[in-house]
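Below is one structure, written out as structure tokens; the observations come after it.
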Amino acid sequence: MAAASPEKRPPRSLFDLRSEFFDSTVLLRAHPSTAPSVAEPSEPSRPPPTTQQQQQPSEAVGFRWTCNTCAAEFESLQEQREHFKSDLHRLNVKLSIAGKTIIKEEDLDKADSDSLFDDLEISSVSGSEDELENGPASERGLSVKGKEEFRKKLYFRCQSGDTISIWRCILLKEHEEPFIDCKSGQMESASCVQEDEMINRVKRLTCEPRDASHLRIVLLTSGGHFAGCVFDGNSVVAHKTFHRYVVRAKAGKRQSGKDATGKVAHSAGSSLRRYNEAALRKEVQELIVSWKSYFDSCVCAFIHAPSKNRQMLFDGDKTQSVIQACDIRSVPLTVHRPTLKEAKRVYSNLTQLHYEMECSTTDETLPHGESVTSVEESEGKKKEVAVDSEESISNLSVSLELLNKNEEVKNEEATILSSKKETTPLHEAAKSGNAQLTLELLEQGLDPCIKDARGKTPYLLAPDKEVRNTFRRFMALNLDKWDWHAADVPSALTKEMEESQAAKQAEKDAKKKARAKELKKLKKAREKEEKEKEKEKAKAQASQSQTSLGQMANRTTTVPGLKAKHQTPQQILIAKEEERQRKLAVEREKRAAAAERRLVALAAQSAGTSGAAAAANSVQKAAPDDSSCSCCFTSLAGKVPFHRYNYKYCSTTCMHLHSEMLQDD
């Protein structure tokens, strides 16, 4: 019974496998896509078809071997294979990709190869023979991506026939290499690990006890984010994450890297980033020191710290001694923002066993072999055998042509890889923002539920609202045609909904316009009021200045023998002081005359015949006891008197006059 297809078999954790899973396991020396056997990679050995076997299908159905790129025909499959390996075919493939005219074999023989490549502006089709011969056997015939993947993984062939792969960093240290990559002079060195040792390490890995004696630590740090996890098998023993604002948005680089360029910023944000960077370094180093017991009992530590982030882990003496005490290994995966979820994902991928696909040519050669054996066993089914032979040979020729193109032409390889990613024209139209083309493709029946290699539907790739509305309008018209929930289209968009949205938007715009108009009127009114106030203020200042100038002119005319334009500032001050003294003297005289008149009237009314002075003294002595003014003797009933010592006055004039009278006495 054949094993299940590797496509349908999910990865498995190494810690969930049985101890006998790796019994009779063989380490592959080559990538499974280049050689299905454990020996040195080579083409599958098949007996060459005899002349009778080659002629039977062609005679039966008139089949011919051709090359569509070079427009050539061949009499046998062997000639077609040799043509696919020739420099002429490779050159024509490059010319067809570049959009140039292919050349014939006669033109290639006449022209110089180097000058021909220079004239056509293409690279040489034949590689260096030294590179092909001296390169590792496991990397021959692989693309750049395949070589990189082969250097990071180890491939095993199980007893059941399945091909599995494990990340090298799980079994090997940083300085160790498997024996298949070691050169002849390094085979006996300590850094070269033999096949038996690697298989024993895998077996010990599956049988590890879960008693915190075989821990593995994952440390991820980048862009102000830090995530650390301690794992015991598949379980998490401890974890911690930090985040600090150390990178300015849309500017890139840390603040320390920006300061190192010589352009030191002094803003509040730069100061905050410098402080956060130091605080993050301190927090991470304190965490590493607190995890010393975990590092002492760990098998290895997977660290992802690009660029200057590595200084955060190895700057301190304590942290450096703690980390370097264990086996440090790098993470061969693409790491996103360091979080707890990302640390678990990285560890899960590193500790998983993956089932690999075999080379497609081995599957395609099986029908040919079966058809040959069927010819030898039964001659009564020649028609069926001929049809099977024809299909197998045509499939084999096509597969060989694709393999040659994949090996030699990078652009065709990119085309094949892109087709595997299931990127449809609807994805491209939605991503480019072409709403009209998107609608046409939807009407033609393209499935909007298909996801690309990143797991995104065409709706999620739409950059603007108009393209997204195109999907929603099509959904309103074809609700039952597709699973719109799987296509990530949120809701349908009908004409009524668009009209209501347009009416709401128009009403909103009208209100906004009216508000703006009203604000504009208010602004003009405020500006007008401010201008009027400024004019009134200017007029008041002008009139005040004219009044002051007129008063100054009048005062200067009072000084005899001088004119206003001939007076000095000192003379003007003297004139002001004299004018003030004159006014005070006139006021004093008026007050004295009024007092004298009041005293005369009082003396005439008195009954006694004593002198005015005695009457005044007697009245003055009695004044403090009466409710009348101490100077003019007016009744203070209903008034608030002015007090000075023991005297009461009806006004300030009486108070000043009475004080002068007392001083004269």
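Backbone N, Cα and C define each Cβ position, glycine as well.
Here is what TrEMBL says about this protein:
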- Gln255: active site (ACT_SITE)
- 32-42: compositional bias 'Low complexity' (COMPBIAS)
- 51-60: compositional bias 'Low complexity' (COMPBIAS)
- 511-525: compositional bias 'Basic residues' (COMPBIAS)
- 526-539: compositional bias 'Basic and acidic residues' (COMPBIAS)
- 212-353: domain 'VLRF1' (DOMAIN)
- 32-60: region 'Disordered' (REGION)
- 495-553: region 'Disordered' (REGION)
- 421-453: repeat 'ANK' (REPEAT)
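Sequence-remote contacts of a segment are chain residues at least 6 beyond its ends whose Cβ falls under 8 Å from one of its Cβ atoms, and for the repeat 'ANK' (421-453) they are 459, 461-464, 466-467, 469-471, 474, 482-484, 486-487, 489. Its Cβ taken as reference, the residue listed as 'active site' is surrounded by 23 other Cβ atoms within 10 Å in the chains shown. Looking only at the domain 'VLRF1' (212-353), the predicted model's pLDDT averages out at 88. In terms of DSSP secondary structure, the domain 'VLRF1' (212-353) contains 59 helix, 39 strand, 44 coil.
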